[in-house]
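A.B. asks: Quick one: the structure is below, questions incoming.
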């Protein structure tokens, strides 16, 4: 911001100078600009682009992480198509996403609206709801694992004293994935709510005043003003949630551990990548899985970008 | 102009720090001293190791030994990736399940020529460990310590039920009879823990039943035998009768935790668990040999010191290993109470480490020790194994079917071994 303003001023101070001199100046400024972004670009190139390219290359090879990779064409992908474990993990990830994303966003919208009021101590509430976001996933996973314990956990203790059924939350295949969804929703609400809150605060009060004059009620104002004008923030949150949700790993890893039998119902794609890559050291195969996940996320994001004009209203 | 210069310098400075961060060297020489890197995962041996290294430095004042402790969860990944980058520690801990892969791929050094050269007598080490760390009759790791499995029990619960403590005459039948008397459903106490775990659980039972896990030539699986089936049926029976926590309960709450809080009366576990269990139960803790099935058996596993296959300091590293696993080093380890030293005759210190516990039980049970089952692709078949066993324990399929599947898949995996 400051930089461009400064340079604009700089240029306006030199109206009499010749054209080619200005362009020299422009080149010089561009050079400085590139120099300034060079560290970031280098960082991206070294830590993101290069590994991604390497991973793409490796997905066409067999590699144990030690010896020289052996090119095997599309073998990895052919194997993946027939791999029950991978198909199951794709399905699990999809189920997880379909449950987590809408729940998390719905709760986040409600929370954001509640946090957008002018009452005393609001900053405390906002901080409280943001705490799960900055808590380490390991800590979150460990605490929830204990809460979920079917014999000694707090949740079942409460359910038991209310004479309600006490399910085995994590170690019953019917509930395991759902239990993880609950934790993910709990951790992601805070982040989504903060984004949405900033969206809410960007909505001009004049709309509400005008609507009130016309006699619009609270609900009517929410659905006709708040929600439509919140769509840009909602869109951002939706895209990010989908991406994060497709990449879920840590909670599953911490809460399910490596109980191989029960993992069938909770293993996600990234878990599967980790397992093949760093447990069995089939780096080529794991890279192929990662590549497929990348394509899926790319398609979903592109789809969302394309359809945003149908429902996203920019003010 | 000056301003521009300072900006340029700042940027350059940023770059150099980034680049300097990239080029960390792993093994090399600092200030004329040779640096040896040592890696392991258990910080409980830190004091012992410091003392042992001081011992080594007396004869090698010009070598600096740097020890890195990597938590178990990351240890093997980190080790493998660093070895792949032609760096990695010079001397490190090796365990049974990983040994074959490392030895057969040459990632760790064949120690046999060095042993022959220094005329080291390896018969001082427990046979089961020498077997475990031999590849094609050559020793690739010098044994450090071992752990055997014993039956821990809670004296208080036995006294309450008026039952004599377990001893070496106990069999599977005695366990079952007494587990029934010790089980108290009202207070949530189980008589015995029929473990879903391999090393302290079904591996021992399989051998006690007269079966085996992998053939001596590492070519075939032993899982599809009636003996193996009988071991699992016995465990399943105890769970069904409510004498042991169910498989699901065990996956959720570690049996060690249940035993430590007085909810299990008899609990098979490795000798390394003794200090931890003693901390939890104090003088209520007792230990006996594992009960016999058709015969007595206990799985023995242990660790050894291995050398990086590409180390630049072979001589220094070899001398260090000899000190670490030498008589004095092993005595230091024993005195710390960490585990049973692999060097025969140095157990004294370990036996005295918990006076109220008869740790001699573990040393005695080495007479019927069976080495921990390993082959080149241990990790792969163990994964199949644990999944199928868990499925069967959770009632997703009968044991007959699970064991058949394990044997088939394991045989297939074993057939691909030794081909790279």
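Positions of Cβ are set from backbone N, Cα and C atoms, glycine also.
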A.B. asks: Looking at A:72-93, A:94-115, A:204-225, which one is transmembrane segment according to TrEMBL?
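C.D. replies: Range annotated as transmembrane segment by TrEMBL: A:94-115.
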A.B. asks: Looking at the candidate ranges A:175-197, A:244-266, report the one that TrEMBL labels transmembrane segment.
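C.D. replies: Comparing A:175-197, A:244-266 with TrEMBL, transmembrane segment matches A:175-197.
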A.B. asks: Do you know which of A:11-30, A:31-50 TrEMBL annotates as transmembrane segment?
C.D. replies: A:31-50
A.B. asks: I need to check the long-range neighbours of the transmembrane segment (A:285-307): which residues 6 or more away from its ends have a CB within less than 8 Å of a CB in the stretch?
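C.D. replies: Those are 55-56, 58-60, 62, 76-77, 79-80, 86, 235, 238-239, 242-243, 246-247, 269-270, 272-274, 276-278, in sequence order.
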A.B. asks: Counting only residues 6+ away from its ends, which parts of the chain sit with a Cβ under 8 Å from the transmembrane segment (A:94-115)?
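C.D. replies: Sequence-distant neighbours of the transmembrane segment (A:94-115): 122, 125-126, 129, 177-178, 180-181, 184-185, 188-189, 192-194, 196-197, 199-200, 222, 226-227, 230, 234, 237-238, 241-242, 245-246, 248, 268.
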